[in-house]
């Protein structure tokens, strides 16, 4: 019986991080967590990481789609935060989620969902590196594993 599992180390992976500027004080913490995980656990060279900034979470799927279409990356991490009450929460959160999932399916590329969808600012702060861990770091871990799984499945 063959079992395929993803390792965390992916030193040659080419990773694009698409990050929203809206709520940047939260998103920058997510970015720090993702970069730290890619470097320390994934052993990904900073030369293989590209950071692409866009206005907000609603724009993440389009930027991720164009990034995937370029065929220059093995995986994409999408980072952002949508806080209920600050925007049209349901629309932005839903379209962001659906759009990023569609990019992964259309282009056969892992797209890690590191977008916080929370009710309160305090929840976002907790999930960006305090009480509830760092969801940017968690997205990077998922991405590293998926890069290795897809490499095995495709070979």
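Just so it is clear, glycine is given a Cβ too, placed from its N, Cα and C backbone atoms.
Swiss-Prot lists 88 with the feature active site, proton donor. Residues or ranges marked as 5-amino-6-(D-ribitylamino)uracil binding site in Swiss-Prot: 22, 57, 58, 59, 81, 82, 83, 113. Swiss-Prot lists 86, 87, 127 with the feature (2S)-2-hydroxy-3-oxobutyl phosphate binding site.
Counting other CB atoms no more than 10 Å from each candidate's CB, the recorded positions 88, 127 peak at 127. Taking only the Cα positions, the spacing between residue 22 (5-amino-6-(D-ribitylamino)uracil binding site) and residue 127 ((2S)-2-hydroxy-3-oxobutyl phosphate binding site) is 16 angstrom. On the backbone, the CA of residue 81 (5-amino-6-(D-ribitylamino)uracil binding site) and the CA of residue 127 ((2S)-2-hydroxy-3-oxobutyl phosphate binding site) stand 10 Å apart.
Cα-Cα distance from residue 57 (5-amino-6-(D-ribitylamino)uracil binding site) to residue 127 ((2S)-2-hydroxy-3-oxobutyl phosphate binding site): 16 Å (rounded to the nearest whole number).
Binding of 5-amino-6-(D-ribitylamino)uracil is attributed in the record to 22, 57, 58, 59, 81, 82, 83, 113, and the widest Cα separation among these residues amounts to 16 Å.
Around residue 58 (5-amino-6-(D-ribitylamino)uracil binding site), the same-chain residues six or more apart in sequence whose CB sits under 8 Å from its CB are 92, 95, 96, listed in sequence order. In the three-state DSSP scheme, residue 83 (5-amino-6-(D-ribitylamino)uracil binding site) falls into the strand class. Taking the C-alpha positions, the distance from the residue listed as 'active site, proton donor' to residue 82 (5-amino-6-(D-ribitylamino)uracil binding site) comes to 9 Å.
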